[in-house]
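A short write-up of the structure that comes next.
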Amino acid sequence: MSPEYSIILLTVFAGAGQGLFACLVAGDALGFITGAPMDINVMLAGSVVSLGMTIAGVGSSFLHLTHPERGIKTIKQWKKSWLSLEAILLPVFMGFVALYGFLAFSGADTSLRLAVGGLGVISAMALYLASGMIYAAVPYIKEWSTPYTPINFTLIGLASGGAVQVGLLRFLGGSHLTSLVMIAGLLAVTFTAMVVKLAYYLRNRRLYQPLTIQSALGINHPDIVLMDMGTGYMHYNTKEYAYKGYKNSRETIRIASIILLFILPLALMTIDYMPLFKGEVTGAMAGGGALALITAVSMIAGALMERWLFFVDGSHAQNLYYGGSKDFVTANPILQAAKKGA
């Protein structure tokens, strides 16, 4: 499938914003339980950054709409469309984030703030599910049609957003226990996300494609090729449903995304985690904030590459009609022979 960069930005930045808020509320709850409340500056900064990242993602999603003013109509199909549910849940989630930040700023009762934060986390989890199921519910794209899709959206969003929240905590200061638990939790989530993502890639490499040109014709011969794809020009189906760019570089990009999204952050977080585990520091640590910032930037960059690969790896079954299956490579010979501009 052709990658839509506005949707890549939406899923990565909004997903990270959701993950950031989930980690923020978890840290707030931990501070409440242990009697070491989270600093108000951390709560305010986390709310603002989470809301900002989500708004940036939502704003970018309008770039691929020919008529953005019709975007509101997407909510009308909420009973049978995951896209409609996503369009409803996004403002609901942002509303909870804004309200949580306001309650933190106004010094409202902690129980009320945590209740609002808990509802925000529930809406974030529902939003992950809706966003992932938009693609997992398409049976004609086998690479997407799997439970791995919403699970990956959730884990990668939690990991990348959690890295940003830990960075804020390390820069603005936090209790020793909160920092320790959040980094340990982030290590666990990131490692789990890596295992699930690698399992997803392995599953797609072994993917059985029952549809071939031979099966479509009912002729079992290895040398059947398309001589003419039935159109003299490239159109929507041939452009959007099969992406031919960077074929020789995709595996390199895949390795780079795994390094930036998983391996490098795991290494940096382990380095950051050890002094805390030994009890050598409390609150913000000299150098620790820098490591946390590098971790967050690395994970966001890796997530952008991972989401790009998610889209370009998808191959729609309709490509068989135009002479391609996993890789759409057949071009119209008449079009190739035509003069430039014809």
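Any Cβ shown, glycine's included, is placed from N, Cα and C.
Record features, source TrEMBL:
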TRANSMEM  7-30  transmembrane segment
TRANSMEM  42-66  transmembrane segment
TRANSMEM  87-108  transmembrane segment
TRANSMEM  114-138  transmembrane segment
TRANSMEM  150-173  transmembrane segment
TRANSMEM  179-202  transmembrane segment
TRANSMEM  253-271  transmembrane segment
TRANSMEM  283-305  transmembrane segment
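In terms of C-beta pairs under 8 Å, the stretch of 42-66, 150-173, 179-202, 253-271 lying closest in packing to the transmembrane segment (7-30) is 42-66. Using a cut-off of 8 Å between Cβ atoms, the transmembrane segment (150-173) and the transmembrane segment (179-202) share at least three residue pairs, counting only pairs 6 or more apart in sequence.
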